[in-house]
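First the structure, in the form of structure tokens, and then the observations on it.
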Amino acid sequence: MLLILLLRLKHLRDCILHAIKLGHRHFDTAALYQSEEVLGETISEALSLGLIKSREDLFITSKLWSSDAHPERVVPALQNTLKKLKLEFLDLYLIHWPASLKPGKYEFPFPKEDLLPMDFNSVWEAMEECQKLGLAKHIGVSNFSCKKLETILSTAKIPPAINQVEMNPLWQQKRLREFCEQKGIFITAYSPLGGKGTPWGTNRVMECDVLKEIADAKRKTIAQQSQMDNGTV
């Protein structure tokens, strides 16, 4: 098991280095992904190799997992993330999921018995503190509905900059996109190719003939064309 883990981490390191060589500058990680440490080590290696001139060449996003979505745990969780990444600040820090869990567990899907009521406003206030302390340049959320965003906005001194949600041509999130646009919240999309092979969906976006015809006509991939049409990243 240890050998498998080491091989996986080496493969991830090699992929990150190759991406940087190709010009990739945005890396999205999370406490849940267990990739923060290897990303931090690879960033240090990229700096030493001269692949990037400085930390400011990169845009690094990470996320607060639900087991740390308690007001008193938010700042320490980000500090732990920064320690693993060997960074002084994040460009973007997101609440990963609109739920709180019993502290100490990092797993998904999570057991229902571990689910706790989330104090959205107090947790968001702690996120604001992260930005005030200079630990994160921008703060936002992920997987939040219009109603949950309204709850946060009712008391927020710093509104969420981003709402990262699943979105693709077969799951377009039109109402949420309109709401976020009205509130000045930028949408970033994950799973633009669909949720095939994931616990949350099986949409076969890349196998849709109509989408392929549209993308081919625009000389784009299906993912590129769909996200460009929606004005998302």
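Quick reminder: no glycine exception, Cβ is built from N, Cα and C everywhere.
What TrEMBL says about this one:
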type: ACT_SITE; residues: Tyr33; note: active site, proton donor
type: BINDING; residues: His96; note: substrate binding site
type: DOMAIN; residues: 14-195; note: domain 'NADP-dependent oxidoreductase'
type: SITE; residues: Lys63; note: site 'Lowers pKa of active site Tyr'
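Counting every protein chain shown, the Cβ of the residue listed as 'substrate binding site' has 22 other Cβ atoms within 10 Å.
Mean pLDDT for the domain 'NADP-dependent oxidoreductase' (14-195) in the predicted structure: 95. Tyr33 (active site, proton donor) falls outside any helix or strand according to DSSP and counts as coil. When secondary structure is read from DSSP and collapsed to three states, His96 (substrate binding site) falls in the coil class.
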